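Peer 1: According to TrEMBL, the domain 'G-protein coupled receptors family 1 profile' annotation covers 48-296. Summarising the annotation, TrEMBL assigns transmembrane segment to 30-53, 65-89, 109-127, 148-168, 196-219, 247-268, 280-299.
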Amino acid sequence: MCSWSRHKAKLPSHIFDYCLWIVIRYSRPMLTAAGAFTIIIMIVGVLGNMLTIGALLRHSKLRTVAAAFIASLCISDLLFCFLVLPFSASQFFHGTWIHGAVLCTMVPTLRYGSVGVSLLSIAAISINRYILIAWPHLYQSIYTKWKVVLYIGIIWFISYGSQVPILLGKWGTYGMDEKLGTCSIKRDAQGRSAKIALFVLGFALPCIVIIVCYARIFWVVRTSHRKLQQHNTGNKYKRSEMKITKMVLVIFICFIVCYLPITLVKIFDEDVNHAPLHVLGYLLIYLSSCVNPVVYVTMNRQYRLAYLDTLRCRYNSNLDSQQTQPPPSKNASVSYLKNMGSKTLLRDIRKMEAYDLD
């Protein structure tokens, strides 16, 4: 291990050279501050994600299809905080990896898997929002309870199953990257690495899907905006759905803000000439594991009430009773939809408003 006060004679030359390399590029105050910040992120992330999962389990009104994917996202972030961040903090404090080869394989596997689950879950919610708003008549046939479970299972299988060739040493290998000073994917004996493939599968493609879905969503909303403004029920219904849609968009933007810097730094600074940028990039990645609960609280009133009730150990108490606005008149809804000749749409909206995963 790299000990800052240890003399060269007490270390093998190759280890001392590596420690000296770390010291030159990563100053001790910077690493200590990064370690302390990582611990803070870990604590906030564990508490925030556990609170979100508890709120989703305790309050049936929150158990929608989108919430199922949000729960998957929270579980992934919780595992990241529990199983990855403690070792990341240790690495900052000690200046290098001290936990052996086995954990040097397991930790990056969890890190890459968490990124995949997070972004694929956001992509799945984006597709869900698009279908709900643009193709409501198809919604219930696509999002049955067991199909949603299947979709979530596929997300986790892709995120972790795609790393099996690396674990077997068939497409790169996990180990200590001397340039980066961290455990990551290295090239195997044949010079192969799965980094680009994982980037495309777990980052680039989901980002494209999310961007396309949101472009289509806002196009649909824009083209129907005038009609919706003239009818109270339709407008309130769309407004309610758009709140969740906008919340997911903010989560995606936060994800990009947290992950894009380290991606760019690794591309343009392979030799680690600007060490503080690498440290900042990793801290932003860690920050992404605790930022989502903050988004839920600030952007969704039902989540705020559910969090409060969960902290007070109460079930479903305020989600229905504390609604400040009365529900729109059903007679107005029926009259409007009949005038529009849309009995099928009325039936779809009623089903979707009542639809959850109980």
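For all residues, glycine too, the Cβ spot is worked out from N, Cα and C.
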Peer 1: Thinking of Cβ pairs under 8 Å, which stretch from 65-89, 109-127, 196-219, 247-268, 280-299 has the most of them with the transmembrane segment (148-168)?
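Peer 2: Counting Cβ pairs under 8 Å, the winner is 109-127.
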Peer 1: Quick one: do the transmembrane segment (65-89) and the transmembrane segment (196-219) have at least 3 Cβ pairs under 8 Å, skipping pairs fewer than 6 apart in sequence?
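Peer 2: Contact between the transmembrane segment (65-89) and the transmembrane segment (196-219): absent.
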Peer 1: Mean pLDDT, the domain 'G-protein coupled receptors family 1 profile' (48-296)?
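Peer 2: Averaged over the domain 'G-protein coupled receptors family 1 profile' (48-296), the predicted model reaches a pLDDT of 87.
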